[in-house]
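The block underneath contains the structure these notes are about, expressed in structure tokens.
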């Protein structure tokens with residue numbers, strides 16, 4: 001490893017450790033609990049779990065057996081706490097930084113170098129500016145999600161395997177490249193477009209004979225030959241994609257957009273990440289642009305699609321008007337790669353209700369960053385042949401890029417601190433996206449309140465919870481679908497449980513009532529609210545909710561009847577309590593939990 005590459009790795013990784021708060025442990029965030037803490041399948045790597053990864057793993061609505069195996073290995077050898085998994089993510093990111101540089105230099109050798117003399121004259125320039133470009137990729141604030149959000153570990157692993165596959169492909173190690181590609185898509189299906197990138201490499205990345213034009217016929221011929229040569233990649237990608245779409249459909253996470261609306265989303269996503277890359281402001285892990293924005297006219301979507309179409313037209317013009325220039329081919333190649341890597345937005349919803357997580361820009365940026373910076377630097381050099389490059393233009397450009405890197409690093413560390421704290425993450429989302437109305441706005445507020453409850457901030461949590469509706473347009477903006485109401489009801493229920501665990505009974509009562517306002521038949525909220533009233537000594541109010549549960553969907557639930565019997569007992573109605581306990585025992589049945597049955601039988605004996 002050269003000194004320049006070692007220096008690149010050090011500066012690329014340091015900001016991720018400066019962002020760590022030494023006074024507080026790194027926290028699992030958002031759905032990390034489901035992926036690491038509660039996912040018992042990765043707690044131990046044994047044959048039963050390994051077999052499950054590869055056969056029934058789509059119970060989580062994704063098919064990624066390689067990443068599940070990797071998580072189990074990490075837990076076995078590194079540990080299960082959030083800080084250990086963060087270190088693993090940083091390590092994977094460092095590998096991707098190294099692979100990004102190797103791949104970019106390979107592409108330069110294939111496209112921009114016609115002879116050994118050129119490399120001897122410009123090789124140092126290529127190396128230094130590729131290093132800077134890859135460094136900018138590494139410390140860009142958008143990387144905070146991919147590295148800081150521990151659930152993104154599969155994206156980092158899949159990106160490393162994908163970059164390795166591309167490097168081996170350019171070295172003509174086909175079988176090894178295919179193996180890494182298969183592991184990549186089995187780690188995260190978003191790597192499925194990689195075969196299209198291989199075709200782009202074959203068409204625009206090959207050396208050409210001097211003065212040989214890159215005509216339309218040459219492009220078509222190379223494309224057909226490349227498609228046939230890379231058929232194995234397409235077969236692997238298609239097979240994994242079909243299995244994943246099946247799992248997504250089962251989990252309800254596929255997009256419901258039409259083909260035209262999906263294209264709008266694709267074009268807008270290109271613009272979205274381009275704007276966030278060039279001007280990294282208002283970055284968040286949660287972008288409340290719902291699919292409805294693609295079904296009706298939306299100025300943000302319209303302007304984004306217009307921009308993306310203009311860029312695509314420009315790339316085509318460059319392709320056919322300046323096909324003789326190597327730098328033009330380079331820009332067209334990597335522009336196509338960017339689009340190919342964003343293409344999955346056509347068929348997936350990418351995490352309702354986001355336009356797409358920042359993690360989806362990870363691989364495209366890794367492929368693009370070093371090459372774009374180096375091309376700009378080389379074109380500047382060629383455009384100023386009379387300028388002493390080493391004494392004039394280079395220091396100015398280097399200085400600007402270093403300042404940009406410092407600016408990116410500050411933003412990156414800010415975002416990493418947000419991802420490492422549940423409260424700060426949801427506080428940022430609530431503060432950034434004032435336009436999120438209805439169920440989206442309420443979801444943001446409720447998740448912030450839930451995070452505050454876990455850290456003991458019950459007073460602030462209550463105020464945040466109330467603002468979830470009052471500050472977001474009231475009930476008129478709420479999601480009236482059954483799925484939306486159930487989701488909100490569940491969130492309020494979990495918040496109420498948190499309030500109760502902190503001894504905040506009045507807050508708990510109000511949260512249970514909010515839960516029932518969204519789903520009046522939610523048995524768990526009815527029973528828990530009744531039990532809360534019993535603990536507060538308000539047995540008459542308690543019986544109202546317990547009776548609703550028993551007369552509704554909880555009629556066959558022994559817990560409902562047991563809670564009702566307890567309430568009757570507190571009210572001094574021994575006969576009614578005894579009847580309730582007997583019904584609870586009957587509902588438990590012969591196969592019921594033995595400890596629960598023993599507890600009910602003791603109560604029956606007490607009142608008999």
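Note that Cβ sites are derived from N, Cα and C of the backbone, with glycine treated the same way.
Sequence annotations record features per position, and here TrEMBL assigns repeat 'TPR' to 489-522. DSSP states for the repeat 'TPR' (489-522), grouped as helix (H, G, I), strand (E, B) and coil, give 27 helix, 0 strand, 7 coil.
Residues or ranges marked as signal peptide by TrEMBL: 1-19.
Here TrEMBL flags 90-112 (among others) as transmembrane segment.
Sequence annotations record features per position, and here TrEMBL assigns transmembrane segment to 124-142 (among others).
Beyond the ends of the transmembrane segment (148-170), by six or more residues, the same chain brings 19, 28-32, 35-36, 64, 66-67, 70-71, 74, 82, 85-86, 88-89, 92-93, 95-96, 99-100, 102-103, 106-107, 110, 176-178, 180-181, 183-185, 187-188, 190-191, 194, 197-198, 201, 205, 285, 357, 359, 362-363, 366-367, 415-416, 418-420 to within a C-beta distance below 8 angstroms of the stretch. Per TrEMBL, transmembrane segment is recorded for 148-170 (among others).
Away from its own ends, the transmembrane segment (179-201) comes close to residues 62-67, 70, 107, 110, 154-155, 157-159, 161-162, 164-166, 168-170, 223, 226-227, 230, 233-234, 236-238, 240-241, 244, 333, 336-337, 340-341, 343-344, 360, 363, 367 of its chain (Cβ-Cβ under 8 Å, at least six residues beyond either end). The transmembrane segment feature in TrEMBL is assigned to 179-201 (among others).
The feature transmembrane segment is assigned by TrEMBL to 301-323 (among others).
Sequence annotations record features per position, and here TrEMBL assigns transmembrane segment to 330-348 (among others).
Look at TrEMBL and you will find 360-379 (among others) tagged as transmembrane segment.
Under the heading transmembrane segment, TrEMBL lists 391-410 (among others).
Confidence over the repeat 'TPR' (489-522), given as mean pLDDT on the 0 to 100 scale, stands at 80.
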